[in-house]
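Participant: Below are the structure tokens for one structure; questions will follow.
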Amino acid sequence: MSALLKMKSIRAGYGEADILYDVSMEVAEGEIVAIVGPNGAGKSTAMKSIFGLLNIRSGTITVGGRDITGWSPNRIVNAGVCYVPQVQNIFGEMTVHENFEMGAFLRKGDFSASLDRVYALFPDLKAKRKTIAGSLSGGQRQMVAMGRALMLDPKVLLLDEPTAGLSPKYMEQIFKICRDVRAAGVAILLVEQHAKQALAFSDRGYVLAAGRNRHEGSGPALLADRHIAEMFLGG
Amino acid sequence: MDIFSFVNFFLLPGVVQGSIYALGAIGITLIYAIMRYGHFAHGDLATFGAFTALFVAGLLGLSPYAALPVAVVVAALLAIAIDWLFYAHLRRMPKIITTIASFGVALMLRSVVQIIWGVDTTSYTRGISRPENWFGIRVKPHELVTLLVVIGLVIALHLFLTRNKWGKAMRAMSDNPDLALLSGIDNNKVIAMTWVIAGGLCAASGFFLGLNTELRSLMGWNILLPTFAAAILGGVGRIEGAIVGGLVVGVTEELSVLVIPSEYKMLSSFAILLVVLLLRPTGLFRGKIL
């Protein structure tokens, strides 16, 4: 398997302060990869660093072998990496359909095939296409957010805590959608608070702590490791 | 007072004045929605637009109506130029700095108007226009044109914002600027478009103010307070709010004459502003807090 998205020895932070000291990870085609770890480990920061949303001091980020370190978000989006932030990830005053149109903003010409694919992934939203996105339930809003990011047909989708604040029922649904998205040929890198559930359904996982890689391995292997479970996954 | 005198002497003039405020308030609200600051040069930009129409009409011997589109284009270009010269490099700084800078731009614009056109009162047409009588409702031709053009502009803006890709991008930028950037929407293009629309509408508001009253170098500055009151009453960032707010402020001003001397008309917009900020700072349509 070849690495689609690769972070190598990233040191990064906001302003003067560093948050990530040495983080490396990669996502291959067709993989679901979870980043887990305690609060303040730098999980979301690691994801944001891919998207150039903080200052990278050293290290490189590549997509399909192309160096994208320090690129502006709209070039990164064009390179095939789309990002769903944890909060404020939809246009709350616009309709569901308009959210998807904005997701396709950079595309020239017809994007009806992507739109059909997104509605096929989220059939619930098809009936709500004219509804103002901000009035939807939490789970449906998360679907709108993912749908918006999928409109550019990315190769890798970055999800920052997609199940935060959702009921267990919606959590299962979001995980199922992740598998459907993967089946449609999009690799996924996600940050999760619900570490056990996330590792159980991911192909691989990274455990971060204090801005550094601590462990990595297949989801089930990390889950089976008693030491990791005690230290990082809440027993 | 019978219903006809109420409509003829209070409601209609109030609606005309209110639609002029609405044009200005839409610009104020759009600029705040996209760039997040109050634009104090808006009134003087309107003055500039009004005088540009006067100049073009005089130069080419056109009717003032024919000069309006020229004034709209000139003001739109001037607005982009002002942004590029004075506001663009302040974008990353606290917004209050740009607000104060816009105050400086207001003074500059006013001085330019006074240097070129002087400080005397003038008007587009001489003589008194006679109202047409429609079943007891008396409408002057220029009042009718004002209302029709304002309605036309509002419909055009609405269609742009709901049907056009860039219009939707403007709404997206107002709604969630970070996500708009993540979607690849070009910030600078949206800002330029905002200035074109706000500047153009501003010139139209100045033109209609001049048409319905007279042209003075302070005309725009004097409607700045009611225009801001309209934008805040409607809910900052809400186009529909700016329109409703403009109409409410305009009609209230006219009606206030029933209880206070007409020289104190302006007090009513101040009172509206005060009441809204105290009781419902998000305005009628739940806008942003200024």
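Cβ from N, Cα, C; glycine included.
Not my notes, these are from TrEMBL:
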type: TRANSMEM; residues: B:6-33; note: transmembrane segment
type: TRANSMEM; residues: B:45-62; note: transmembrane segment
type: TRANSMEM; residues: B:68-87; note: transmembrane segment
type: TRANSMEM; residues: B:144-161; note: transmembrane segment
type: TRANSMEM; residues: B:190-212; note: transmembrane segment
type: TRANSMEM; residues: B:218-236; note: transmembrane segment
type: TRANSMEM; residues: B:266-285; note: transmembrane segment
Participant: Looking at B:68-87, B:144-161, B:218-236, which one has the highest count of Cβ pairs under 8 angstroms to the transmembrane segment (B:6-33)?
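Facilitator: That would be B:218-236.
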Participant: Would you say the transmembrane segment (B:190-212) and the transmembrane segment (B:68-87) are in contact under the rule of three or more C-beta pairs closer than 8 Å, pairs 6 or more apart in sequence?
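Facilitator: Taking Cβ pairs at least 6 residues apart, the transmembrane segment (B:190-212) and the transmembrane segment (B:68-87) are in contact, with 3 or more under 8 Å.
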Participant: For the transmembrane segment (B:266-285), give me same-chain residues lying six or more residues beyond its boundaries with a C-beta closer than 8 angstroms to one of its C-beta atoms, as numbers and ranges.
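Facilitator: Beyond its ends, the transmembrane segment (B:266-285) has Cβ neighbours at 222, 225-226, 228-230, 232-236, 238, 240-241, 244-245, 248-249, 252-253, 255-256, 260.
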